[in-house]
């Protein structure tokens, strides 16, 4: 059979072939049942699973018993007793035994006794006969339907046998009990409808397809592809049924064609329809048949032509010239009917626009088709212009006829009345003219009288105005003279004031020059003094190191023995005291490093050097912190620069509560994104139960981290957790090992710049600890360690603060006065620095508010800062402040390297450079005092920016750092 041009489809059987446009073939082939290849054995398996147990069959609505159709009678309806039965006439080609085929419906008890039971089809299973149907299951029903579908697919001529096999299977007792809308029964009806279609029984096929379509739509959720397939099969059946009725009942055939056309248009416009070619052909076929009768209403003809045009537009890139011409002809007819006959220019233009768009698309497909497309497009444009012109003329004629009819109806009958009115109007106009003439004369006389009186009033008004203006001019002249005198006086005062200011500026300039000269002389003097002090300091350092090296070997063993003996004595004394008092060291709130009159408050163990908080000085400490932050902002920007690498600070303590609102506000990140990996900035070295998330079960580490986040918020803060609580650090035998691992991890993994350690040990038991400290100092990592809270009660302070190269941190109050719990400086005084450590205010975990009931927290109400804030004292809290000072120095150097411009070979970020800068930032120590660190004043006001300098605060600070390091090198 012929196929669509360009598709290249070979001739196929009736139930698989695509439709062919009727204009390309002299004979239009029968549409197939099912546009997508009907139902095959594989699709039947996918859409039904009938092999289920009897107890799992659908319950609730059961099918009523059906009747077997006797020979010569019509078969009952497959939809049950509630729907109208369809009279199915026996087919002539069916044998005598096949005439007794049952239809799905009421069967069993009403079967005539004289009729023999039909034999099973030769290919059906043995148990499919009526005698054994009581023992058959859904699996047998599924096998029977598959055999029937395969039989119909292999040979459409065996459709009667397949229909008989399906009907026989649907009469089984187990199947009759299924509901009418059961999914498996619906599939069987679909196959039965296809069999009827191939047998030429289009009435029965139509009835079955309508029932299947209704059942498909009622499924939840409905399967659009299955509904589309049933619609296409029903369309094909209606078309073939209409062909049969053309010779018998023309009206019935036309009705079937209209219904088939509606279904085909609906299927063609479905979104899920991936191959609408068959639906397009069905639309073209139906419109061609229906358009043969031109004795229809204009609206009906216009809609049919528009439907045909829309179907032709949906043809793909394989549209032929004949189809394009067909689209043009029916499109012209459609918009002429809409525009001229129905006077609906809007719908006519829609048809015209559709044709124009498809013609442009057709021309773009192939250059060879462009000429044809242009010619046809011009023809369509000409016809559209004619149609719109005819519509305009037709409307004009109708309008003219209405006007003429109105004139004949309204004007002519009133002609006499209008004439009489006209004469009356004329008389009235004459009288009005006479009245107007008299009125005009009266107006003229009145106007003359009014004009004379107006002139008199205007003359009087003008004389009054002239008098008033004369008075105003005199007053204005007088005011101007007074202002001129006042201006002369002010000018004289201004000249004198300018001369006075000029004289003062000259004097101030002279004074500034003298002060600048004095300052330069003072700077030179200070520079010389610094050089002399630095020289003496280096000589003293060399002498001290030489002595220390000589004494170290001689006294090392003796010191260790003495320390061990002292520790044993202290432990023994403490144990005796515990035995006498009957309480433990944890219960008292005092540590072995603090005197009884110095309570530990939040530092329960001596490893964390804290002291008692005095509430009266909290406000002074808060003011000290605010002044520190204000001074920091004068040299550093509070905004983070993404182009600069952050200074890295590590805190070795009890961890961090990252859920605290202030930590969240500061946007602390627990990782650093490297080039090819993510580096975690929290590491738990507690071997008992290591945590992957940042936690703090004590609060001490959170307090330390809060200080750094206040003073140096732009640093990269890493946390090393070495103990769960302060008590556990002293009792842990592997405490030194954990701290050693933490220092090594901070150096190797985090590459940190500064390490803060607010704890201490009485002695060192492992050489690895010393090695880790030496490595950190050798790699120029700044180590800040708390000296202790035992005042003058101990000869030496704790490790690691006692080690060489470690900055030993002591505590003062807000005025720099030495705290009672802060120990005296020992050897290596150039590494001993003190700073605020009394009543320091920082954050505390909310969950640990009531943990220490014996020594309650000193809560501070900070309205502008979220979370719990407390005040604490101790060298533990002075240590992170010094670490923050060093971090600020590093940040300032990174941001102002060009302005500082150190000499070649001199590095800013070294232990010795930091020591020299901190010494210059410290006040000169007195006997028994430490180097009090005052970063914004310094020794001899070295870093004090008064504001009178010509340069800004940043340039001043950079210049001072450069001079400080230059003097240290010399």
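Glycine is no exception: its Cβ is also placed from the backbone N, Cα and C atoms.
Taking TrEMBL as the reference, the stretch among 868-890, 891-913, 914-936, 937-959 described by the feature transmembrane segment is residues 868-890. Mean pLDDT for the domain 'Peptidase S8/S53' (647-920) in the predicted structure: 90. Cβ crowding, taken as the number of other Cβ atoms within 10 Å, peaks at 876 among the active-site residues 653, 700, 876. Cα to Cα, residue 700 (active site, charge relay system) and residue 653 (active site, charge relay system) are separated by 7 Å. Distance noted between the C-alpha atoms of residue 876 (active site, charge relay system) and residue 653 (active site, charge relay system) is 10 Å. As a summary of secondary structure, the region 'Disordered' (480-566) carries 87 helix, 0 strand, 0 coil according to DSSP.
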